[in-house]
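Listed features, source TrEMBL:
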TRANSMEM  88-114  transmembrane segment
TRANSMEM  134-158  transmembrane segment
TRANSMEM  170-192  transmembrane segment
TRANSMEM  212-232  transmembrane segment
TRANSMEM  352-377  transmembrane segment
TRANSMEM  397-418  transmembrane segment
TRANSMEM  474-495  transmembrane segment
TRANSMEM  515-538  transmembrane segment
TRANSMEM  544-565  transmembrane segment
REGION    620-659  region 'Disordered'
COMPBIAS  620-633  compositional bias 'Basic and acidic residues'
COMPBIAS  641-659  compositional bias 'Basic and acidic residues'
Amino acid sequence: YHTLQTRLIQAASPHTEATSTHYYPNLTDDACKAPKDSVVLSAYSTMDLVDKDPDEDDPWNLPELQDTGLKWSELDAKGKVMRVLTSIVKFILLVGFLYMFVCSLDVLSSAFQLVGGKAAGDIFQDNAVLSNPVAGLVIGVLVTVLVQSSSTSSSIVVSMVSSGLLEVQSAVPVIMGANIGTSVTNTIVAMMQAGDRNEFRRAFAGATVHDFFNWLSVLILLPLEAATGVLYKLTKIVIDSFNIQGGDNAPDLLNVITDPLTSAIIELDKTVISDIATGDPAARNKSLIKIWCKTEKITTLLNITVPSAANCTTGVPCWEEGNKTWTQINATETINLERCNHIFAYANLPDLAVGLILLALSLLILCTCLILIVKLLNSMLKGQVAVVIKKVLNTDFPFPFGWVTGYIAILVGAGMTFIVQSSSVFTSAITPLVGIGVISLERAYPLTLGSNIGTTTTAILAAMAAPGETLANSLQIALCHFFFNIAGILLWYPIPFTRIPIRLARALGNRTANYRWFAAIYLLLCFFLMPLTILGLSLAGWQALVGVAVPIVVLAIFIIIVNLMQTRCPRYLPSRLRNWDFLPRPLHSMAPWDGVVMSGMAFCGTRCCCCCKCCQKTEDEEKGGKERKKSQEMYDNPALTRDDEPLEAPKETVKATQL
């Protein structure tokens, strides 16, 4: 009898003696102890299986995509035929949705250019501001975010350098900013996966690891470039050392496939933005929407009058007739031959209206395609297919060649980006795969680094096709972009403990999974508010920029150091700084802000729409389901009470003890 009681007590708590004396005061110590020769069976409890959920313990573990259907060997002939046909249909749908996804990214870029392209050209016009490296950096970020294409912003910089409006050394920070701005696209794509918490955690981390790599590289290399001009000097040596001849442009592999659809929706005259940046006053009145797709330029000699013979160009006929001096100039006239066939060619709408229409349309198609792609991948990547794909993508080479795997992933990322000619397309395509758990964050990081290299090689080939008079400058800017990314990889990849972007992205993923509204705050802060603030301070003068930026930077460094010391060596800190509890709670916790946001969403759900109610209902149902599952497993078993809940002695046992 006493042995049975002891077993019940041991199952209820690991601290047998303490529990027996506290909850069973009528039992003596001798009674509570089992005889030495008795065998105490193990307490079989399902609570450990419930509490130790692998997804809750480590949400970064890749989920197992298990096949819930019948095995291939269990299917009859009809079932096998249907499974093959279903797989073929799913694959065709996946390719179709992926095609629409890429096309929507192209249309999204066109929409951003229509909305903010002329503003981007105006930003580039102020050469005095561009001479400031910090201002040049944020201008590169803002312009690339506005036009959604680092290639477009880089081509504007090349045009300004070729026309003599901007020096190559001043253009290097702008190229760094363009490298940062191009990562906004996959961050937007990651926000479309906010429905599932763990999926959003992984997807947002997979997208923002690109951001952290770019920002950390800039924090190191921008001051170094401003102080020493190392990238400018290195690329200058390369240009001067080789007799580089102009070649062919980069091959249009992806555009050949997507142009038939995107050209039927919209076509843009991208030279308008470059003309505005280079100071052409006539470009301000031009529309970015291309109306005439086929034109012909005819150059003729035109007689004009000049004040005197001194104003005549050498080698050009110059004569006097009466009291006037005449000379000849070349006049170029553009003749429109064929009108474009896209849907806005005949629409008499301003650029802003067309841009907003395309922005809404492209975002709708982007979200729809992304959701359908994720669902199709979840249904296709099951069983042996998932096992094979995960092994190929996430398994390292055997020892001692495991370190080679990451560098091969960098080469794969560079090659794939070279094929699709867009780092935004490639990184946006792997972001959903990181979210659903096909690609790990550790493998997505070198793929992203390779994507940075791939987009610069495309720019180098494009620069090689430049005319002879602009070849050197164009190629030098492209090489600056290339060496910037190479230097960043050398800083943040070869040694494992220097892969700080992975740790920062994982921390941000955890934060955004707990507070999903913080993803929008991060996007607005890093790509809009902070660059705009720095640009405004730069326009006010370097004194204002230094006066505001230096205290903020010092405070940020102090907070980072204190946080590190709080987690690793708090004994060296004053007692007041060992935690942030002395500050008001909104300054060291996001819970109060979360309450405000949730209250706003609740108000929106009751007044505006039912979306917030549905989301809240779903979360409540999931939470209730888990609680019901635990309660069913603990039903009628008082020994399986949680350790953190107050234990009560079973009535039958107490009565038996009293007897």
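Cβ from N, Cα, C; glycine included.
TrEMBL labels come from automatic prediction, so no person has curated them.
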Outside the transmembrane segment (212-232), six or more residues from its ends: residues with CB under 8 Å to it: 133-134, 137, 168-169, 172-173, 176-177, 179-180, 183, 445, 448-449, 452, 476, 480, 483-485, 487-488, 491-492, 500-501, 504-505, 508, 526
Listed stretch, out of 88-114, 170-192, 397-418, 474-495, 544-565, that has the most CB pairs under 8 angstroms to the transmembrane segment (352-377): 88-114
Positions whose Cβ lies under 8 angstroms from the transmembrane segment (88-114), at least six residues beyond its ends: 120, 145-149, 152, 185, 254, 257-258, 261-262, 265-266, 268, 270, 273, 288-289, 351-352, 354-356, 358-359, 361-363, 365-366, 369-370, 372-373, 376-377, 379-380, 420, 422, 424-425, 428-429
Folded-back contacts onto the transmembrane segment (134-158), same chain, C-beta under 8 angstroms, at least six residues removed: 108-109, 112-113, 115-117, 119-121, 123-124, 166, 170-182, 184-185, 218, 222, 270, 273-274, 277, 422-424, 455, 458-459, 462-463, 466, 470, 473-474, 477-478, 481, 527-528, 530-532, 534-535, 538-539, 545, 549
